[in-house]
Each structure stands twice: as structure tokens, then as C-alpha cells.
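Read through the structure below, which is laid out as C-alpha cells, and then see the notes.
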Ligand SMILES: O=C(O)C1=C[C@@H](OP(=O)(O)O)[C@@H](O)[C@H](O)C1
Ligand SMILES: C=C(OP(=O)(O)O)C(=O)O
């Protein structure tokens, strides 16, 4: 792909290989798509409502389309116009689709929808890509069984395809093992609102990615659902409840913003991402604290947040358990920082779209960066010494993070670039728009 092609719009051409030009300083403004996590939850809360709800600024990407189409399979009416989505759940309980519900490689869709379906009556089968079949769901189904569902795994115990037979969930007590994924706990919390009686949902302290559970609880509260904290690791959800139909505006996606913050950080430039506010629900906004620790200047404005990169990035030692999706972004910054950086406590990165610890380690090594791969983290010591063609393992976050690194390292080519469609279909247009306006 040459520069002229790039100007004509990468996304339309679904380019598989994209060469990244180096840029002196990246400066500019970047409009953000709606948050993926908030969009998934807004759709599911709409499906729990008693009439038509409207979701504004919804993220239109592969994964949120997966959730929308699964809700259709379950009998909801979903009308998508631009970034406005109208959802009306069926009058009766969820219907059992005649064929498996295909959730692609969207872990959030699989886990949140499995709970939602189990709250209905019938037989529900969830399946997806080859990679999804390697992403576990067993601890969630154990919790659903505690609440009365019957679960089968036709291929491999604990992994999709998963068959859920349910006659509705009962009330009671359930302890969720969310050490592999917070999505199990989010799923049980949402599904519990449809149980036949109140559900005391508890968890161990080792929940991974806990801020996503906080998004779930905050959005349940915004939707008017009744629940109370019964201790540091327990919430009692009142049930059965119906959400009042609502209009909801989705905030900008902080995880998508991170690539542009990183572009400023790596090039000593300055990028404003908007709309996003300090009151954002997403835990990934805390990535800004890490950028500050690395020497960036972070300024919140009325519109959004501006990141300005330093002359030299400082290394960090960071526990990234609470924001796993930010690890590829942090890894490429660490590769250009002074000294060795350590990324800790993210074993759950091995069960994402790719094994992200392995993918980051292998691809950084190709660039001549020294990387030590541990069972649950990485030690990274730059600088990158050469360009290379980067494999993306069908993982959108590997594609976007290494594109940013290419702004500093001559000769980086991203192979499998179209994978960004999972969470950010306009990524390449936004990225090249920004760098063409920069020096
Ligand atoms: O609930 C969510 O919206 C998500 C939770 C996180 O997954 P895990 O809890 O499995 O780490 C995150 O990685 C994913 O991108 C979105
Ligand atoms: C892990 C991710 O998503 P999911 O778990 O929904 O597939 C992600 O977007 O990085």
C-alpha cells in the first residue's frame, strides 16, 4: 500500500498490509468512537427493559454488531441508524434460536449474553471463531448452574460451543470465580436482575480486570436497577426487576484513545482526544496516570483530554491487572523508554484475542527490543533497532499498538491490518488523518 492509497481511505480497501511512515511529532485532535464496553452493556440493559430503548453514540464495530445480532437471534428488535440504535426486547421471554448464536471472537458478547440467555427459558447454544473456542467460559457456567441452568459442552469442557438449558434462574446465593475474567461476574450481576428472587452475588478478591465490574454496576445503577453492596466482595441484586426504557449516550472509548495518547507520548507531540471526561466509567482512563509517570503531560479540558509527550520517556513498573487491554499500548511505549520496564499481574492476557504476552514478546523481539516473557508479565528494554513486518494474530490491539510504534521505528509494516474492525473500524483513517496533519 503506497501513500496515495492511504489518503484514499484504508478502511474501505480493507488493506491487509499497511506500511507505517515515521513522523517527527504527532499533533492534532482525534474524535473517539463510542466505548465498546459501554455499548455492549447499554444494549444488554436495553434488552432487559420493558419497552423500546435508544442507545446514542453506540460503537459500530464487529463486536458490538455481534451483540446486536445475538439479541436479534434471541427475539429482540434492533434497528441500527448511524450510531443510534433502538432496541425493543420481545414481549415474551427470550426465544430459543434454532441455530447456534455466533459471537465471533467477542469475549464480552459470549460471557454477558450467556448469562442473559440463561435468565430466559429454552435452549441456547453459543459458538464463535476458532480462537473463541480457546477462550474459557467454565467458571461462568458453574455460577449459572448454581442458579439453576443446565450446561453442556459438546467439544471441550469449559469452552465454547456451550449449550445452556434454562427454565429461568432462581434466587439465592452464588459465588463467582472471576479470576480469569471479570466478564463472568458482570454477566451474573446483569442476569441476576431476571432471577425469580433476590440473588446474593459474591466473589473472591482475585477478580481480574475489576474496573469492568465497576462499569457494570455503575450502568446498572444508571438504569435504575436495585442492588446493594453487602460487603467488599458481595452485592445483593433485587429480582425480578425490569429496566425502565431509556435513552443513553455512550461515552468515548478510552482504550481506543490510548493509541493516540501513545502517538503523542512516543513522538513528543500533543494529541487531544474527545469526547471524554474525568467522570468516564472506563477503568482504562487510569492509563493516563501511567503516561504521567512516564513523563507525559496530561490536561483535561471541557472537550476531552490532551496528552503531550516528553523529550524522553521514563520506564515504569506497572501492575496492569485492572487494565489488561492497555498492555500492548504500554509495551510499545516501554520499548522506547529509558531503562527497563516491568508489566506485572496479567496472566489473563493469554486468553484474549491472541495470547497477548506471547504476541507482544515475539513482535517486539523482531524489532530488536529485549523482552523477557514471564508467566504473567513482561520485562521490556529498548530501544528498537530495526523495522519488521508485524504479525497481528487477528488481534486488533496488537495491530493498533504496533502501528503507533512504527511512527518512531523506520520500516514497520502491519500485516493483517483489517483486524482493527473488531473495536475501531475507522482506526486507519483516523491514524493517517492525524499523521498527515502532523509534521
Ligand atoms: O467487560 C468488558 O467489557 C471487558 C472486560 C475485559 O475482559 P476480562 O475481564 O476478560 O479481562 C476486557 O479485556 C475486555 O476488552 C472488555
Ligand atoms: C479482550 C477484548 O475483548 P473481548 O474480551 O470482548 O473479546 C479486547 O477488546 O481487547
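Glycine too: its Cβ is placed from the backbone N, Cα and C atoms.
The candidate list 65, 77, 135 contains one residue that TrEMBL assigns to the phosphoenolpyruvate site with 36, 107, 183, 356, 397, 422, namely 135. Taking the Cα atom of each, residue 325 (active site, proton acceptor) and residue 397 (phosphoenolpyruvate binding site) are about 7 angstrom apart. Cβ neighbour count for residue 183 (phosphoenolpyruvate binding site) (all protein chains, 10 Å cutoff from its Cβ): 27. Summarised as a single figure, the pLDDT of the domain 'Enolpyruvate transferase' (23-430) averages 97. In this structure, the CA atom of residue 41 (3-phosphoshikimate binding site) is 16 Å away from the CA atom of residue 422 (phosphoenolpyruvate binding site). Cβ-based crowding with a 10 Å cutoff singles out 182 as the top-ranked of the binding-site residues 182, 209.
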